[in-house]
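For B:25-44, B:77-94, B:101-126, B:182-201, B:231-249, B:255-273, B:280-298, B:304-329, the entry in TrEMBL reads transmembrane segment.
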Amino acid sequence: MATGMVTAEAPPAGRGQAAAAEPLLAAADIVKVFGKLTALNGAYLTVAPNEFHGLIGPNGSGKSTLMKCVAGAETPTTGSVRFDGRDITAASPAERARAGLSLKFQITSVLPALTLYDNILLALQARTSLAGLVFSRTRGVLHDRVMGMLEQFRLADRAGEPASALSHGQQQWLEIAMALAPEPKLLLLDEPTGGMSLEERRVTGELLQPIRAHCSLVIVEHDLDFIRDICDRLTVLDQGSVLDSGTVQHIQASPQVQEVYLRRA
Amino acid sequence: MANETVSPEALPRASSAAPAKARRVLPIIEIVVLAIALVVPFVLEDYLTIFATRVLILALFALSFDLVWGYGGIMSFGQALFFGCAGYGVALLGRDLDVTSILLVLPAATLIGLTAALLIGGFLLLGRNPASVIFVSLGTLTGSYAADRLARGWYYLGGQNGIPSIPPMSLGQHDIVEGLEFYYLALGILIVCYLLCRFLVRSQFGLALTGLRENEARITFFGYQVQHLKAIVFALGGAIAGLSGGLYAFHEGFVWPNILGVVFSTQVVLYVLFGGSGTLIGAIIGAVVIEAASFWLSNTFQEIWPIILGVLLLLVIMFRPAGLISLIVSERERVGSFGQPGRRGR
């Protein structure tokens, strides 16, 4: 499991200790204020290449807000986000996507009226030029990749059906396939197993394992068994701040986390 | 990445009940409508051919709005602005510069519509933050209202009376006047524009537009420049509206402020709403049915025809929110397919 970083602590750049090698993602000192509510208060998140990183914490701890700040859905009030050597703090979601950052929403966001095939094609063709789109120049070229993604997620047999015909769990897989189709460097998954059966959760874990070779993963999830099974490192948030960050074993042994989070859960 | 497979046998496949091959209805409707349009002048009296020509021009206008709203998801309540600007533009070319050649005035009308749409669209759609539906609706509505008021108060544009007696459109020494000739000219232009729009909405660009309409936030996170996509489709819609406005000016022989205004902008929304948005042919059917019904009702029930028409529109919108076309075309066919699933390595 632990092919990523194995040390217990890896403070983010900007917190006084330089990382040994530049991480793929380094969100540092993130503050996000909504009116009178401070959703994030100096939170940080560091993810190494090929690492599976879990983001956990009680409801309202700021997990989804931190995820949104990384993806570009929210702009941090203060703080910085560096991705793949670039400062993307002010970049738009589209610019971040083009830089190799991909997001799966918490609420399933497949396009129900489109076929499974077209959902994947839509994700894949995002970097095609305008002329290429108008004259459908990449439709043939992308065919194998579309079918490849559907096969990888065991959906190829239903490629021609509308996404609305899928079960909730299958729609979640389709959306993960859509997020992975453009071959991102970092995939952000916000509660990917929400509403899934135990068997579907197990399968989801197995479906995610092969991406480790070329992609890092940040996952927000309430299912701690699922997180423990697939992640190398965890960051625990509480009331908008990072409570602890480290390997799964480190977090499991952390008295602070047990006190504030695990017991509460 | 695509070559990697996942712990194979252990994983359940998505169970598949092979979908029944649905019969496609839209091409049949398109052929029937085309066939009717081709023979209509031979069975109508002359004055009705003139009426039918006007309907074709309005159908072209409806097509422009369907592209913008039905595919781009942009609710423009000011589509008449582009129609009217182009109408006034070519009327001035004819009146002041004696330019009436079809080879000049129709491209000019298209260009005027395109330019006006680029200016308005640039302002409304290309801001730092994505524009909301309300912002775009009110912005276009305001533009249309302002243009109407401006035309009414500007002496050079004829004020309330507009510009009458526009000289006929010409090809060489030949004048193209209302009647059969103008009918088939309008029909030819409508067919060409329809085919171009059809090509566009069934291309990969059309798939991106579908994504934009169905879930804008989702495709933003794929990396699409959604504001640019919107501006492009808005500008194309403006160009087609401009072309229809140019045709209208020469067919009617005059332009007046109403063709810039809010009422006319709303009329095109009703055409598309009534016929069915997002199919192209639905917009054309909507324009034809509403205009034909108005024509017939106004002759038969001279006092109360607007009420009857209003009730009919309400009934369709209440019970068939996807428009008349949804009576025979399924939602699946309306959205369409953009790729052909099949084996890899084909």
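Glycine residues also receive a Cβ, built from the backbone N, Cα and C atoms like all the rest.
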Seminar exercise, completed: Ranking B:77-94, B:101-126, B:231-249, B:255-273, B:304-329 by Cβ pairs under 8 Å to the transmembrane segment (B:182-201) puts first B:231-249
Exercise. Short question: which residues 6 or more past the ends of the transmembrane segment (B:231-249) have a Cβ under 8 Å from it?
Worked result: 54, 57-58, 60-61, 63-65, 67-68, 71-72, 74, 76, 79-80, 82-91, 94, 105-106, 108-114, 116-118, 120-122, 125-126, 166, 185-186, 189, 193, 197, 200, 209, 255, 259
Exercise. Quick one: do the transmembrane segment (B:255-273) and the transmembrane segment (B:77-94) reach 3+ CB pairs under 8 Å, ignoring pairs fewer than 6 apart in sequence?
Worked result: yes
Exercise. Where among B:25-44, B:77-94, B:304-329 do we find the most Cβ pairs under 8 Å to the transmembrane segment (B:280-298)?
Worked result: B:304-329
Problem set entry | Residues of the parent chain within Cβ reach of the transmembrane segment (B:77-94), under 8 Å, 6 or more residues beyond its termini | 61, 64-65, 68, 100, 104-105, 108-110, 112-113, 116-117, 120, 137-145, 147-148, 151, 157, 163, 166-167, 237-239, 241-246, 248-250, 254-255, 257, 259-262, 264-269
